[in-house]
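Going by Swiss-Prot, these are the annotated features:
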{"type": "COMPBIAS", "residues": "535-549", "note": "compositional bias 'Basic and acidic residues'"}
{"type": "CARBOHYD", "residues": "THR21", "note": "O-linked glycosylation site"}
{"type": "CARBOHYD", "residues": "SER27", "note": "O-linked glycosylation site"}
{"type": "MOD_RES", "residues": "SER2", "note": "N-acetylserine"}
{"type": "MOD_RES", "residues": "ARG23", "note": "omega-N-methylarginine"}
{"type": "MOD_RES", "residues": "ARG23", "note": "asymmetric dimethylarginine"}
{"type": "MOD_RES", "residues": "ARG30", "note": "omega-N-methylarginine"}
{"type": "MOD_RES", "residues": "TYR43", "note": "phosphotyrosine"}
{"type": "MOD_RES", "residues": "SER56", "note": "phosphoserine"}
{"type": "MOD_RES", "residues": "SER66", "note": "phosphoserine"}
{"type": "MOD_RES", "residues": "SER102", "note": "phosphoserine"}
{"type": "MOD_RES", "residues": "SER472", "note": "phosphoserine"}
{"type": "MOD_RES", "residues": "THR526", "note": "phosphothreonine"}
{"type": "REGION", "residues": "2-92", "note": "region 'Head'"}
{"type": "REGION", "residues": "125-137", "note": "region 'Linker 1'"}
{"type": "REGION", "residues": "234-252", "note": "region 'Linker 12'"}
{"type": "REGION", "residues": "397-443", "note": "region 'Tail, subdomain A'"}
{"type": "REGION", "residues": "444-549", "note": "region 'Tail, subdomain B (acidic)'"}
Amino acid sequence: MSSFYSEPYYSTSYKRRYVETPRVHISSVRSGYSTARSAYSSYSAPVSSSLSVRRSYSSSSGLMPSLENLDLSQVAAISNDLKSIRTQEKAQLQDLNDRFASFIERVHELEQQNKVLEAQLLVLRQKHSEPSRFRALYEQEIRDLRLAAEDATNEKQALQGEREGLEETLRNLQARYEEEVLSREDAEGRLMEARKGADEAALARAELEKRIDSLMDEIAFLKKVHEEEIAELQAQIQYAQISVEMDVSSKPDLSAALKDIRAQYEKLAAKNMQNAEEWFKSRFTVLTESAAKNTDAVRAAKDEVSESRRLLKAKTLEIEACRGMNEALEKQLQELEDKQNADISAMQDTINKLENELRTTKSEMARYLKEYQDLLNVKMALDIEIAAYRKLLEGEETRLSFTSVGSLTTGYSQSSQVFGRSAYGGLQTSSYLMSTRSFPSYYTSHVQEEQIEVEETIEAAKAEEAKDEPPSEGEAEEEGKEKEEAEAEAEAEEEGAQEEEEAAEKEESEEAKEEEGGEGEQGEETKEAEEEEKKDEGAGEEQATKKKD
């Protein structure tokens with residue numbers, strides 16, 4: 001996926017101010033360290049890339065050859081459906097483009113905010129401001145990043161809702177497709193039944209035709225038999241006439257009987273002919289009616305078959321249209337899913353990048369806070385030494401003010417010798433011993449409170465970082481090791497401090513033995529300072545134990 005940014009979005013003034021920021025080197029002002037620490041440089045300009053969103057729609061040209069056979073009403077309905085679907089797709093694309101533009105604007109805003117925060121961080125590093133400002137600044141940045149993450153989560157949920165809606169539409173189309181498949185199977189079943197009926201009607205017609213042929217043969221046979229019978233009867237009648245004529249002379253009384261017999265046979269022949277004609281006519285009528293009925297049934301079956309074929313063709317075209325629509329929607333859904341996944345991955349990369357930057361910034365802040373604490377300790381030690389020197393000078397001045405004018409030179413020489421010895425011994429001791437020996441208790445407690453506040457700030461920053469990113473097993477082990485090492489270092493420092501304190505006490509006792517006479521007030525002051533030192537040490541140890549607990 002292409003990046004969200006392009007070069008035309010940035011003007012020359014913006015590049016000059018934020019993108020092309022020169023590298024700033026910050027040297028630590030900590031005494032005793034000569035190495036310089038270089039501050040981090042601003043982030044490079046975002047990689048330019050062009051953004052292109054291309055959408056492809058499935059054309060309806062493949063449906064035109066099949067739509068020519070449909071009615072005008074069906075064509076109008078299908079065109080209306082296609083228009084409504086196209087308008088819906090255009091609306092969805094417009095909505096997605098608007099959201100994409102809002103995402104781009106949000107990314108630019110976050111980048112600008114990041115640049116502003118980087119500039120503020122550089123200014124704060126240069127000024128060495130208080131750690132509390134850093135904390136408030138980064139807490140605000142963390143809140144902004146969390147709000148941005150929540151917005152991205154909400155957008156993701158909205159896109160998931162749209163995806164669920166598209167899936168519901170797809171399920172509806174699949175259900176409709178299944179219904180159309182069932183209706184097609186029903187139509188095919190009815191078509192098979194109609195075909196079976198047509199086949200049965202054709203078989204019945206063939207049987208009836210065969211029966212008609214057999215009946216016609218039977219009629220012809222009966223006609224032939226009837227004609228033969230008539231011929232036989234006529235032959236018998238002629239033979240009877242001949243015999244009657246031959247016997248007229250001998251038997252004149254048989255003519256009436258022959259006439260009666262002839263009349264009877266003629267009546268019987270006429271009756272047989274009439275019965276045969278009536279039976280033939282009735283049989284022919286029945287066969288004609290049955291043939292007409294079968295013809296109507298065959299015609300109805302043919303009409304039903306043609307209607308079923310037309311319906312099957314229409315349903316097939318509709319199924320193909322639904323299938324094409326389904327494929328187009330599936331393709332669109334796949335494209336939307338790919339785009340959403342790409343957007344989500346890009347947003348996740350941005351969030352991870354911001355989290356990494358925040359983590360590095362927090363680590364740098366912790367490092368700078370530690371350096372600040374070290375500098376504060378050095379400053380505190382220097383202030384303690386200055387206060388000790390000031391107190392020694394004030395003690396000398398007060399002591400000299402009460403001496404006589406005659407012993408001014410002697411007292412001044414003794415005090416200068418004592419001051420030289422004490423100053424030389426104080427310079428030999430460490431700054432930490434000087435601070436615990438002769439600095440006022442309220443100032444020491446104030447410095448300790450500042451140290452505790454700085455340490456609490458560092459621990460709070462580490463705790464927030466740990467909350468924002470849950471540590472893995474390896475990180476947890478490393479943190480445990482670091483804690484153990486820190487505890488071991490703290491214990492070693494405490495032991496070294498105790499050893500130094502013991503050595504300082506020994507040196508002080510030796511110096512106290514050497515400094516005899518004229519230093520009673522200084523001895524009392526050193527005793528008071530030692531008592532205050534012990535009290536401060538007890539209070540510091542109590543605070544350290546409470547902090548460890």
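Placed from the backbone N, Cα and C atoms, the Cβ positions cover glycine too.
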Key: Residues near SER102 (phosphoserine) in space but at least six apart in sequence (CB under 8 A)   = none
Inquiry  = Under a three-state reading of DSSP, tell me whether SER102 (phosphoserine) is helix, strand or coil.
reply    = helix
Query = Taking all residues of the region 'Tail, subdomain A' (397-443) together, what is their mean pLDDT?
reply = 47
